[in-house]
């Protein structure tokens, strides 16, 4: 399982899951973490990645859900939606291998990312065993496949949304804080597809908001202000 869109200013956060078992064949040639592939290479892999595993799915949590519940609860919601989809194909999974060191999928996780475990009412009731692995998307084919499928699907969603909101150039920046997107925020303000609970005015450089970009971005991710944040994050 892998996520994409955590650090974007607009659009959903998306979580891909790819289910494999002992009988699953070798992964398609050319598979790698989505961030290491060009858009064309990712898109070319999709048909093979959809046929390769036992099951696959991508779940989403939208901007309104991120605003209402926070980014970690939204990640959990998107992940559980993806698991609910694959359950219809192959039943419950035995264990989820989660990219990274933080288990944002399991319920009952209370840490620096959340003051309390906030589950979303009506979320799918799936709660599998979880194992975390740093750089799993570089070491495990199923996680790499999940990252590619989630990235391609979310990119397509943002490209379609760009037709409704062309000023923000989402077809190019996919909702991240690229210069054209930040400039459009400065000129036009937010849309219903923006994460309005985040400090977008500071990110856009509003002189009325003294917070700098890095500090504002850390606030939007629910991180402590002293946590280093790269302004060029891409999911």
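Cβ atoms are placed via backbone N, Cα and C, with glycine included.
For the divalent metal cation site that TrEMBL gives as 2, 3, the extra residue drawn from 99, 103, 125 is 99. DSSP assigns residue 2 (divalent metal cation binding site) to a strand segment in the three-state reduction.
Neighbour count (other Cβ atoms within 10 Å of the Cβ, all protein chains): 22 for residue 99 (divalent metal cation binding site).
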